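Notes follow the structure.
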Number of protein chains: 2
Amino acid sequence: MTDDAVTGSQDDAEIEIRFNSDGLVPAIAQDADSGEVLMLAYVSPTALKRTRETGQAHYYSRSREELWKKGETSGHTQHIREIRADCDADTILYLVEQTGGACHTGHQSCFYRTLDGTEVTERVFDPETVYE
Amino acid sequence: MTDDAVTGSQDDAEIEIRFNSDGLVPAIAQDADSGEVLMLAYVSPTALKRTRETGQAHYYSRSREELWKKGETSGHTQHIREIRADCDADTILYLVEQTGGACHTGHQSCFYRTLDGTEVTERVFDPETVYE
């Protein structure tokens, strides 16, 4: 094995994600085409594993304390195009193709308001027809 | 005061950010023009207040345990164009104009690698000349 081969192998080494003391890391979902930031949720090792195996975004619901496949109830799934880690490997970025809207309020993105409460985007679906 | 006026005032009410048990919320910084997700860091009430007062992104450094003005050392500041909150007000989105690169590694974004370690963007500055 040459030095180059060793270096190359190190450069492309799988990144070890640094889960926090709760066993989670924040994951940002971004629309892979429009670049819109859709949501932030948390990911457990199992959620990340399931995401990579299925190509569909999974998270860990802190309120329900369970693995959560995005869109399980609403049908508004997120197909994974790429997963990135940040420089210190304690945050994940999901680049996704979003079906429907990401937010339970009916908006494409959960970030639909400025801090003063002004809504800066329109709804893309009616939550009352999606969540019965 | 009419009913409409009351409704209008409620719709545009300042959002009360729900800081976590450590007194922080995650803040995503996104390039306001390119849409690139630059970094995720944490914000305290003071950091958020300072950001709004100055129009320059401030965070709270969990490792140094102190208020941190982005770019204080590197000069790579983030001018705030807009601040959004997510639907349950426990995550913030900074839309910024980034000077230089956001990442201490020299990349524009901290999310410069896929999970298998492949670098998907080039460096935009040499960290050795910026951090002496």
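Glycine too: its Cβ is placed from the backbone N, Cα and C atoms.
Straight from Swiss-Prot, the features:
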- A:Asp86, A:Asp88, A:Asp90: Mg(2+) binding site (BINDING)
- A:Cys87, A:Cys103, A:Cys110: Zn(2+) binding site (BINDING)
Fewest other Cβ within 10 angstroms of its own Cβ, chosen from the binding-site residues A:Asp86, A:Asp88, A:Asp90: A:Asp88
Cβ neighbour count within 10 Å of A:Cys110 (Zn(2+) binding site): 25
Position of peak Cβ density within 10 Å, selected from the binding-site residues A:Cys87, A:Cys103: A:Cys103
Between A:Cys103 (Zn(2+) binding site) and A:Asp86 (Mg(2+) binding site), the C-alpha gap once rounded to whole angstrom: 24
